[in-house]
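*Asks:* Have a look at this one.
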């Protein structure tokens, strides 16, 4: 009967009971939420685990309610190779020692990566998946029931319209009242479920904040690990680090993590080019000023520093009592401290 009524509605041969605008809007909001939640969830899984085979394996083990076997992730594997190579070349050699230190850092990053995946899965992915596999399935079920009740109501209305005899008409009117009541009750149940989508958005917002915090912790950890590694490598003799008179490392640009920002600029290694070093020494011992070209972008950590843009030319000079790693820089009416490792003095 419902299939016939649905076909007749499509052909325009039967009237169709329309849902009220509020309910239609709620249904549209639920579908939109489900669509984007699925997309965000799947792409987050790709971000956290780029290997599709590993994702499939984890999915299978999850469905079997078993724990997937533990394997080294990419940073841990790279770290192990570096450590093995360093031991092979000799921990007493500069290169072997550096490889071991780099390998240990890569393994720390791998451990932080695991923590990020675990935290994100619990606090972000699981709530999204629970909505798709739980709440939205219930909404879909109740929505289908509403569709069936609507078809029953439309069929009853059609029979009432065709009824000629008074007795048949009375029976049809009774049927319409019953089906209308059932339709209204199911519409109310569906509406209450759909209005819960706003609560779902609020819950997912909290989960999103947790995900951002987990990422912030991860990137801050990685930055600190690399900063520590850079300090260790910077303590090696310059003859091992320099190559063709080029700077041994590219200075690390500042980041916004409050826990590491203060120490970022102070830890940058000195430039290995002897001409630049001697020029800076002369400048610090004199009271004059020089023009300098900026090598890298630099974001000021506080109001006492001057932000820099790569390739711009500024005026620099030294003042008594200033830290040896810094100079005063001027650009027009702006002035502030600038790190010397970001500068190339001009003649």
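From the backbone N, Cα and C atoms, a Cβ is placed for every residue, glycine too.
Nobody curates TrEMBL annotations by hand; they come from automatic prediction.
Source: prediction; values computed, not measured.
According to TrEMBL, the domain 'BAR' annotation covers 8-242. The feature domain 'SH3' is assigned by TrEMBL to 287-347.
Mind mapping these onto the model and telling me what they sit next to?
*Replies:* Averaged over the domain 'BAR' (8-242), the predicted model reaches a pLDDT of 88.
Helix, strand and coil content of the domain 'SH3' (287-347), in residues and according to DSSP, is 3 helix, 29 strand, 29 coil.
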